[in-house]
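Visitor: To start, I am sharing the structure in question, which I have written as structure tokens.
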Amino acid sequence: MSAPSLLPLAGRRLPALNLGASSFPHHRATLRLSEKFILLLILSAFITLCFGAFFFLPDSSKHKRFDLGLEDVLIPHVDTSKGGKHLGGFLIHGQGHDEHRHREEEERLRNKIRADHEKALEEAKEKLKKSRDEIQAEIQTEKNKVVQELKKKDSKPLPLVPLPNLIGINGGEPADPDIREKRNKIKEMMKHAWDNYRQYGWGHNELKPIARKGHSTNIFGNSQMGATIVDALDTLYIMGLHDEFREGQEWIDKNLDFSVNSEVSVFEVNIRFIGGLLAAYYLSGQEVFKIKAVQLAGKLLPAFNTPTGIPWAMVNLKSGVGRNWGWASAGSSILAEFGTLHMEFVHLSYLTGDPVYYNKVMHIRKLLQKMDRPNGLYPNYLNPRTGRWGQHHTSVGGLGDSFYEYLLKAWLMSDKTDTEARKMYDDAIEAIEKHLIRKSNGGLTFIGEWKNGHLERKMGHLTCFAGGMFALGADGSRDDKAGHYLQLGAEIAHTCHESYDRTTLKLGPEAFKFDGGVEAVAVRQNEKYYILRPEVIETYWYMWRFTHDPKYRQWGWEATQAIDKYCRVSGGFSGVKDVYSSSPTYDDVQQSFFLAETLKYLYLLFSNDDLLPLDNWVFNTEAHPLPVLHLANTTLSGNPAYR
Ligand code: DMJ
């Protein structure tokens, strides 16, 4: 036993002693003495035990050393030129000579153990002479040393990797003065959102624009991780808001710390933080973003320690303990959560040269490929312990959405070499079209939800992203159905525009129905809110890029004006509780995705196509652009060692 291992013992017991001392002051000295005595007694008993063990236990090393497989590391190498035979790091000599050497070696070890124990005993005696404060100070010093060591390990330099082709990270200024003016208006809205967050919510995850203070939700855990800063960085960058970008960078450099006892959503942290940091790194080339992304990714890895390798929904960043949402069917993980890691994790392997991230997401893919799918559809729930589906609910909106998106984007970001992902996407979309997509009586195409063998004729705001996805996946589709998918994208965009247009505020509700004479309208009160979501505008932007039909800019401008009119308050932007009410009430939350996605897609809609061209960039589900990796195969990392 070495002296430092005594310290925690002393540290743990002293407070108990103090409690006794304050209640019964006259017993203080007596308790201290008996405490020391007990400690010394334990120590000497332990030393006696060690001696006994050394002399009387059989020499297991003779039998076991060769089984360890680590002998080259554990046993010092001996020079074989001196007449011995080297066998796995162990030296075999003639019998008599060997016995003599063996006795000498035992004697040497015995002496060493004796000396070590005497030293430990002396150190322990010394420790016990010290005051409580001195002992605590020593404990603190030891702790600091360990933290420093861990930090050193964390800041190991990452390998140099060739940066992919970073085309179109600036500019995109439209020639048309009207479009330019609209673009400037959107930039001004970004500045308003950022400045208020800067003033009232700095370092918090989000902003309460009416209460003018920080805000957070359980997806970010209980610590201030500056979600809005990380989420907004790349939008600031492409808008040319460089001072703001630098402020954000400085905060991240000095304050963003992941060694916190906080339970976060693996999915949200991945799409907002890792995606945001990686995009900021690629755009600006600032190493700090890459380093932070890699540190954070390391903290998410324990979430994959489940019997199946399907990650938990939540993980504690400090302890690594994971669990699932209490509301999820039968303890399941969520398809849109564990299925939305691929893009970021492949980039992490590319940038670090460490295949661990890639292997995690490919393992998920392989497992999904092996599973039966009811009607070819992927249910939203999968139990990470049993590897079985939970309830047979399928959705292209909440709980399912970005899983499909990432199949397509895995293919695109691999420079279209990951054909396995493309096939999974094509198969899934065919099943979705067959079972979930319908036309309403009024001729609106909608995507419903499958619930236990029944189609619910309701579409979520979240589902509206699918219009853009169909358009993005049109090129390269099976049986050359590009025209069909572009048309499908246009129909979804139209339906989602109707869901905005049929409200009082011209902002879309959270969910809308196509049932009982109702078309694209929310029926339930708790589905009438708009929380600054981006999906409809995202679809307008993709449709604009692929068709240049001016109606998409027109629709985007309608949404911009409605947001500015009804969601803008002096302290930022807020969601509204009822889009059908002419006097809306605010929810008092400025979501981080408003800066990451909604304003970015609007800005791109009024920019030229050479800003972040889609041949070179793939946007993650939080609108963070990641470059296409022009590699022959996604398994290859940027590190030449893995080529
Ligand atoms: C964003 O965080 C992402 O787009 C995610 O995929 C789902 N929706 C929110 C915004 O609505």
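Each residue, glycine too, has its Cβ placed from N, Cα and C.
Unlike curated records, TrEMBL annotations are generated automatically.
Relevant sequence annotations retrieved from TrEMBL are reproduced here:
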| type | residues | note |
| --- | --- | --- |
| COILED | 103-152 | coiled coil |
| ACT_SITE | E268 | active site, proton donor |
| ACT_SITE | D401 | active site |
| DISULFID | C464-C496 | disulfide bond |
| ACT_SITE | E510 | active site, proton donor |
| ACT_SITE | E535 | active site |
| BINDING | T621 | Ca(2+) binding site |
Visitor: For E535 (active site), which of the listed recorded positions (E268, D401, C464, E510) have their CA atom within 10 A of its CA?
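Guide: Correct set: C464.
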Visitor: Please check the recorded positions E268, C464, C496, E510, T621 against ligand 1 and give me the ones with CB under 6 A, sequence order.
Guide: T621
Visitor: With every protein chain in view, what's the tally of Cβ atoms within 10 Å of the Cβ of D401 (active site), excluding that atom itself?
Guide: 25
Visitor: Return the member of D401, C464, E510 nearest to T621 (Ca(2+) binding site) in space, with distance defined Cα to Cα and candidates limited to these recorded positions.
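Guide: Comparing Cα positions, the closest of these recorded positions turns out to be D401.
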Visitor: How big is the Cα-to-Cα gap, in Å, between E510 (active site, proton donor) and C464 (disulfide bond)?
Guide: 10
Visitor: With DSSP assignments reduced to helix, strand and coil, which class does C496 (disulfide bond) get?
Guide: helix
Visitor: Cα-Cα separation of D401 (active site) and C464 (disulfide bond), in Å?
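Guide: It is 10 Å, counting Cα to Cα.
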Visitor: Sorted by position, what residues of the same chain at least six away from E268 (active site, proton donor) have a C-beta under 8 A from it?
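Guide: Once residues fewer than 6 apart are set aside, E268 (active site, proton donor) is near I219, F220.
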Visitor: I want to check the contact list for C496 (disulfide bond): same chain, sequence separation of six or more, C-beta distance under 8 angstroms. What comes out?
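Guide: Listed in sequence order, they are H461, C464, G467, G508, E535, V536, T539.
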Visitor: Using a 10 angstroms cut-off on Cβ to Cβ distances, just flag whichever of E510, E535 is the loneliest among these active-site residues.
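Guide: Taking E510, E535 as the active-site residues, the minimal 10 Å Cβ count falls on E510.
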Visitor: Mean pLDDT across the coiled coil (103-152), rounded to an integer, is what?
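Guide: The average pLDDT of the model in the coiled coil (103-152) works out to 72.
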Visitor: Of all the recorded positions given, C464, T621, which residue's CB has the most CB neighbours within 10 A?
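Guide: It comes out as C464.
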